[in-house]
Amino acid sequence: MTIGVLGLQGDFREHLWALQKLQVETIVVKTVEDLRKTKGLIIPGGESTTIGKLARLTGIADELEKLVDQDFPIYGTCAGMILLAKQIVNYPYQYSFGFMDIVVERNAYGRQVESFEVNLDIPSTGGLFKAIFIRAPKIVEWGEGVEVLARYGDSPVLVRQGNLLASSFHPELGQDLRIHKYFLEMAGVKHAGIC
């Protein structure tokens, strides 16, 4: 079973590396045809406005809308989380897919030079996880159907809603593959047990 990584812009190569290390068949998704070959999709960090525009231009956004109705698994990191959100408070006119019942604030954890790493307690992945935050979005509201898997302070930074997963941080930039494994298990994709 193939997992796609949206390759329109952003750090998609790092996600490919993580999936390949887990011995999962992967494809870079740049077209609707690419997307149709997958059993799940990762939307990487990058520039959410650019990724959103390109997803609409290529038809990928429309195709994702159909797939989400069929419980298609999607994981969004950083910019990917912004695109999954139903609303972006500090950029109300920015396009998002709106699949998750979360409201986010872009760049809420600071600018690029204010990036940081922190250990998060994530029981569903086996405890402490070193999370890397780079111009990260903050979840400021979330619906009842959204499960909070990890928090930084009082704010959720890893959430799940059905077959949708989103994180403010970048697990693809570290060596710990447990978040990717969690997503693969959500998607029903077998992987190597490497951490």
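Including glycine, each Cβ sits where the backbone N, Cα and C put it.
What Swiss-Prot records for the L-glutamine site is Gly46, Glu47, Ser48, Ile134, Arg135, and among Arg106, Arg151, Arg160 the residue it adds there is Arg106. Only Cys78, from the active-site residues Cys78, His170, Glu172, place their Cα within 10 Å of the Cα belonging to Glu47 (L-glutamine binding site).
Checking the recorded positions (Gly46, Arg106, Glu172) against Cys78 (active site, nucleophile) with a 10 Å Cα-Cα cut-off leaves Gly46, Arg106. Gly46 (L-glutamine binding site): 19 other CB atoms within 10 A of its CB, across all protein chains. Most other Cβ atoms within 10 A: among the recorded positions Glu47, Glu172, that distinction falls to Glu172.
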